[in-house]
Amino acid sequence: MTNSSEFTDVLQSRDPCVSNGIVINIDPIDPEPTPIRKEFTCEDTFHHEHHGNSEGFKTLTAFLCLMLSAFLNFFLLTVIHDVVPRQPLPDLTFMIIPQQRWAWSVGDVLSTVSSVVAFTIIFLHHQRWIVLRRTFLLGAIMYGLRAVILGVTFLPPSFHNRDEICQPQVNRTAMYGMEIATRFLTYVITLGLTSGQDKILCGDLMFSGHTVVLTIMYFVQLQYTPRGLVILRYIAAPITFLGIAALVVSGGHYTMDVLIAYWLTSHVFWSYHQIFEMRKDDRPQAPLSRLWWFWLCYWFESDVADGKLVNKWNWPLEGPQRMHTIMNRINYKLQ
């Protein structure tokens, strides 16, 4: 028990840290105050603030890695456009279904819809920084690998009417550097979305970047959606696969481009989650730790608790209070 003056001092204290680690628990049934061990100390508060800063820094670093990979893809496209041959390769899908250029816009729209849904889920997830960082990292890995493939093997455009769709190739003249810079800035501003352009750069085929985005966004929805929203997963599946099909039907990609992109992305995504949901002590000895990207990502996951993240939602902003109440009710119904 504690005396009255000590009890009053604790109640009036504004300091969130108690030096002796004791806080007073007031039981509504038993009016006698009972001292219990405080759940965190001054050191814990400092660690929590440091941990929050570290999480933000890691997320920013992951985003910069993604931007570096994406910009490298854009730059390579501006160069290889003038190198790739013009005669398209035979493709079974093109033999069965005539190419439909309107389908490319459908692929862009479905990619955007899937991304908006996935980032909304990330925004509402109570571990949003971890999920966002993982999404950035997975995108950086896939686009980094894609940059390597683009830089070593050049496939001809898959369009049958390539002269109407692809920009003309340019000889390396004195103005070639300015042409490359203009192309690069255009793709940076539009984030690679080309459905609104009359003519586009051609040659970035193996493997499909749109399919990478569609697949990662789809898997994010599968992995981080609360159990009560299982219907969302059934909506995400047709959006994803219709978007992938539209890319091929439009003639914008060979069938092998999207198949390889989906296969690689699925392996990287689920391998990443399998290994980083293990106990920290077991990760370096796991067979998947031999993957080339494991140690690149190890630092990003060093402060994440063992096991799978609990898929709960909360409102990330301080206000309005009504949104916090709504999120609590939604959480209760979705679990």
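Cβ from N, Cα, C; glycine included.
Taken straight from Swiss-Prot:
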{"type": "TRANSMEM", "residues": "60-80", "note": "transmembrane segment"}
{"type": "TRANSMEM", "residues": "104-124", "note": "transmembrane segment"}
{"type": "TRANSMEM", "residues": "136-156", "note": "transmembrane segment"}
{"type": "TRANSMEM", "residues": "200-220", "note": "transmembrane segment"}
{"type": "ACT_SITE", "residues": "HIS210", "note": "active site"}
{"type": "TRANSMEM", "residues": "229-249", "note": "transmembrane segment"}
{"type": "ACT_SITE", "residues": "HIS253", "note": "active site"}
{"type": "ACT_SITE", "residues": "ASP257", "note": "active site"}
{"type": "TRANSMEM", "residues": "258-278", "note": "transmembrane segment"}
{"type": "TOPO_DOM", "residues": "279-335", "note": "topological domain 'Cytoplasmic'"}
Please report, as numbers and ranges, the same-chain residues at least 6 past the borders of the transmembrane segment (258-278) whose CB is under 8 Å from any CB of it.
134, 137-138, 141-142, 145, 206-209, 211-212, 215-216, 219, 223, 244, 247-248, 286, 288-289, 291, 293-294, 297, 301, 304, 306-308
Any contact, the transmembrane segment (60-80) to the transmembrane segment (200-220), with at least 3 Cβ pairs under 8 A:
yes
Contact yes or no, the transmembrane segment (229-249) and the transmembrane segment (136-156), 3+ Cβ pairs under 8 Å, gap 6+:
no
Same-chain residues at least 6 beyond the ends of the transmembrane segment (200-220) whose Cβ lies under 8 Å from its Cβ atoms:
73, 76-78, 80-81, 83-84, 107-108, 110-111, 114-115, 117-118, 121-122, 131, 135, 138-139, 142-143, 146, 149-150, 153-159, 162, 165-167, 183, 187, 192, 194, 236-237, 239-240, 243-244, 247, 253-254, 256-258, 260-262, 264-266, 269-270
Please average pLDDT over the topological domain 'Cytoplasmic' (279-335) for the predicted structure.
85
Work out, from DSSP, the number of helix, strand and coil residues along the topological domain 'Cytoplasmic' (279-335).
32 helix, 1 strand, 24 coil
Based on DSSP, name the secondary structure state of HIS253 (active site): helix, strand or coil.
coil
In terms of DSSP three-state secondary structure, what is the assignment for HIS210 (active site)?
helix
